[in-house]
Amino acid sequence: MWQGVTCGLLAGALWGMVFIVPELLTAFTPLELAVGRYLAYGAMALALLLPKLGGMAARLDQSDLAALLRHALAGNIVYYMLLALGVRLAGVAPTSLIIGVLPITVTLMGRKDHGAVPLRQLALPLLIVGAGIACVNVDTFLHAHAAGRPLWQTLAGVLAATGALACWTWYAVDNARYLKRNPHFSSGEWSALYGLMSGVVALVIGAIALAVWHADVTGAGAVATGRDWGRFWLCNGLLALGASVIGNQLWNVASRRVPVTLSGQLILFETLFALLYGFVWRAQWPRPLETAAIALLVIGVTWSVRAHAAPPLRPARARAPGRPWPAHRARPGLPPRRRGRRRRDSG
């Protein structure tokens, strides 16, 4: 199980980068950011799949294609559009902390799965996580005016981030369940197929958006708005490689090795790394409430991991009525019987 926890931590470190890219590419819309990221992801996935694409295509059935399509939409395209919109309107900290509610929402959604720890054992860790999320959100709204954001903009960003939360909650649980039920693809193969489907969906959405709005994305209009397409593709290429290709493969490994409820707790690492990257980007130390939030989140997720790692108590076996105790075992309350050949009396 600890290998799965490590994979989840590394995936969170890579996923945390997605909250910074919208700040680096402010001249581009959330739709363009999502399409660009997943076009790059799809191209990389296609390159990885080419040597064995024929054999993998033969193993795909309709349920696999349906799962890949719904996961590409909910877990990638729509999720990242809403996340980028939340970062643009409300900032990195509130968006990342709203996404940080995922440990609670995924735990609640996956509470009936096999291997899930009863909620009464997770009540205190979840309360601690919730307290940490409350701290950072209170801090965000207290300092919204100082950041120059009107209240309606912050609220719109919160709603967008909440929509991203809903998308990824459903994706995380559905993907984990599907991988456990269908082990005919390895984690690497499933991640590559997932990326390829995301690229196809991004290509279709991008073509439709270009045809509908007829946007001037490369000519004089792009120059006037400060669109640096070289920087755009560099950022999205790095994001596709780190957060999508490597991060998703690590997450698929984690999903197969830990219960669904624990996978929900591991998503919290994404929030912690996003906050860390945000503080580095702002070149400032976290404020007191932000520091308290980070401490509470670390305590809560560590407690939850220990709750999942503890072996369940096994009830003592009871002797069936009328059944004698085996000779080589001691009866309750009596010393163990020595085994050996009985000495015969001489004479």
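Any Cβ shown, glycine's included, is placed from N, Cα and C.
Automatic prediction, not curation, is the source of TrEMBL annotations.
Features as listed in TrEMBL:
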type: TRANSMEM; residues: 12-31; note: transmembrane segment
type: TRANSMEM; residues: 38-57; note: transmembrane segment
type: TRANSMEM; residues: 77-110; note: transmembrane segment
type: TRANSMEM; residues: 122-144; note: transmembrane segment
type: TRANSMEM; residues: 150-171; note: transmembrane segment
type: TRANSMEM; residues: 192-213; note: transmembrane segment
type: TRANSMEM; residues: 233-254; note: transmembrane segment
type: TRANSMEM; residues: 266-285; note: transmembrane segment
type: TRANSMEM; residues: 291-309; note: transmembrane segment
type: REGION; residues: 315-347; note: region 'Disordered'
type: COMPBIAS; residues: 326-347; note: compositional bias 'Basic residues'
Among the recorded stretches 12-31, 77-110, 150-171, 192-213, 266-285, which has the greatest number of Cβ pairs closer than 8 Å to the transmembrane segment (38-57)? 192-213
The transmembrane segment (77-110): which same-chain residues, six or more beyond its ends, come within Cβ distance under 8 Å? 16, 18-23, 26, 30-31, 33-35, 37-38, 116, 119, 122, 126, 129-130, 132-133, 136-137, 139-141, 147, 149, 153-154, 156-158, 160-165, 167-173, 176-177, 198, 201-202, 205, 259-261, 263-268, 270-271, 274-275, 277-278, 281, 290, 293, 297, 300-301, 304
Where, among 12-31, 122-144, 150-171, 266-285, do we find the most CB pairs under 8 A to the transmembrane segment (233-254)? 12-31
If one takes Cβ-Cβ under 8 Å and requires six or more residues beyond its ends, the residues near the transmembrane segment (266-285) are 5, 8-9, 11-13, 15-20, 23, 92-93, 96-97, 99-100, 102-103, 106, 129, 136, 168, 172, 254, 258, 294, 297-298, 300-301
Give the nonlocal contacts of the transmembrane segment (192-213) in its own chain as ranges (CB under 8 Å, at least six residues past its ends). 31, 34-35, 37-39, 41-46, 48-49, 56, 60, 64-65, 68-69, 71-73, 76-77, 185, 244-245, 248
